[in-house]
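To start, the structure under review is shown below, and the notes come after it.
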Amino acid sequence: MLSIRNATVKFEAADGTEIHALDRVSFDIPPDSIVVALGASGCGKSTLLNAIAGFQSLTEGQILIDGLPVDKPGGDRGVVFQKDTLLPWSNVLDNVALGLRYRGVPKLERYRQARELLQLVGLSDFETKPPYELSGGMRQRVGIARALATDPKILLMDEPFGALDSLTRENMQQLLATVWAKTRKQVFFITHSIEEALALGTHILVMSPRPGRIVARYEADFVRTFAATGDLGPILSHPRFVSLREEIRSIIHTPASHNERHAA
Amino acid sequence: MSAVIEPAVAISEVKRQRTQQPRRIKKTHGTAVISFATLIGLLALWIIATKYHFASALFLPSPSDVAVQAVAVASEGYANGTLLDHILASLGRIGVALAFGIGLGIPVGLLMGLNRWAKGILGVPIDIYWGLPPLAYLPLMIIWLGIGEASKIVLLSLAAFAPICFAAQAGVRSVPQERINAARSLGATSYQVFTSIIFPSALPEIFTGVRIAIGATLSTLVAAELIAAQSGVGYMIMSAANFLATDVVFVGLIVIAIFAFAFATGMRFLENRIAPWKGKL
């Protein structure tokens, strides 16, 4: 299990003022969960993900994996970025196999594993293509397969579908729900879309900016239905979905909501 | 709504890009035809100007005179050597200088891009000499190294080194941080980040630097040969100019133009082979 304890990040901005990006954020990412951090831009959610990934060091607090503190990137935390970071000089298969290459896995074995993952994300026919010949959605599929290749404990996703058109985005959400149900990875997912957070999250952390902190926590299970049926339509109109959506909307749009709320 | 739909959409996207490509290729072919026609037109102008004596042969020799002279220079030689001797002398100097420029410029530039100390220390002398026109310090090189090959090789190597070094530095600095972060989160060591991410990401910039270096070396070479040499295409041009042998001057200029064109074409070919992703993603 991954635990975030009192995570605080302070920067010094170019003009010398101090930016309080994260303020004493604590939560757990339990097994078999998708924890979604939801908030407007500037609420520190990307800083939080970067800290968990090990790209950003904490001013105070700790990040623990199974009780052991981590402070640098590693293969136990796979990252899917908002803008895809595939290597343009490698084809799809080599991109997916990259992490295994770093580990010294022999070529045939890493290609075998990479092909399995490409099948999981529905890109088996594209393994010899260079990434720049793929659409945005397909590139993010490759990114997900690549992050899964090192068999991480947890998948960190930084607004991975934010740059996609709404139809592709819905397909990708469905893919993630399916992959999650199949692989049983823990997922930490960042978004500014309330609907995406509710459709995908088992745990939803609503964050507020300056300083970035958690102002409300929700639990939901729409993602299990989503993964099983593959149909988002009925979920979006479900009464409980609608009421949660409106509740979260009112929290996000209320300025300076400092009271941390808990809901079942 | 199933996951299969999206790849299908994407396939049609890939296909659409493919069908667009032939049209673009046709257009570049069109440009080539226009360029070729312009070349023919210039040649025709040259023939007409000399045929109707718009200018005396001393200023503008006719294309046939130049061709005859080219054959003569090639077979009998001019200024202590045949045309081939001069070409080989010039190409040899360029080759050695580029080897030094590439061999030193790439590692030093990469180091300066990666390390603040290296940049701080090495940046100063490079910035100082790069600001100077090479011909301004050629006399100094001759005083230090003599009139022989060494002074010219050092001069040309310096001309080639700086642009490659700057390009390699810029290449390192232009690597997207997210690409490096992605590699680190996949478990890459610092060495693996360098070999698998930083160096290939910097390659297109390095190519640009080498292309600039070739241009700089070529112009420095000819200038250096004009001033201080006993062989080379620049020396041949200068010797011919001293005797007002304008047709030989033209032969030399055409040879240099062919050099420049061949280098540019060769670089473009290499770049397409080694870094075909340039400008994409």
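Indices start at 1 and increase along the chain as displayed.
Quick reminder: no glycine exception, Cβ is built from N, Cα and C everywhere.
Lifted from TrEMBL, the feature list:
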| type | residues | note |
| --- | --- | --- |
| DOMAIN | B:87-267 | domain 'ABC transmembrane type-1' |
| TRANSMEM | B:30-49 | transmembrane segment |
| TRANSMEM | B:94-114 | transmembrane segment |
| TRANSMEM | B:126-147 | transmembrane segment |
| TRANSMEM | B:153-172 | transmembrane segment |
| TRANSMEM | B:212-237 | transmembrane segment |
| TRANSMEM | B:249-270 | transmembrane segment |
Need a quick answer: max count of Cβ pairs under 8 Å to the transmembrane segment (B:153-172), which of B:30-49, B:126-147, B:212-237, B:249-270 is it?
B:212-237
Please report, as numbers and ranges, the same-chain residues at least 6 past the borders of the transmembrane segment (B:126-147) whose CB is under 8 Å from any CB of it.
154-155, 158-159, 161-162, 165-166, 216, 220, 223-224, 227-228
Cβ contacts under 8 Å made by the transmembrane segment (B:249-270) with residues that lie 6+ beyond its boundaries
61, 66, 69-70, 73, 83, 87, 90-91, 207, 210-211, 214-215, 218, 222, 233-234, 236-237, 240-241
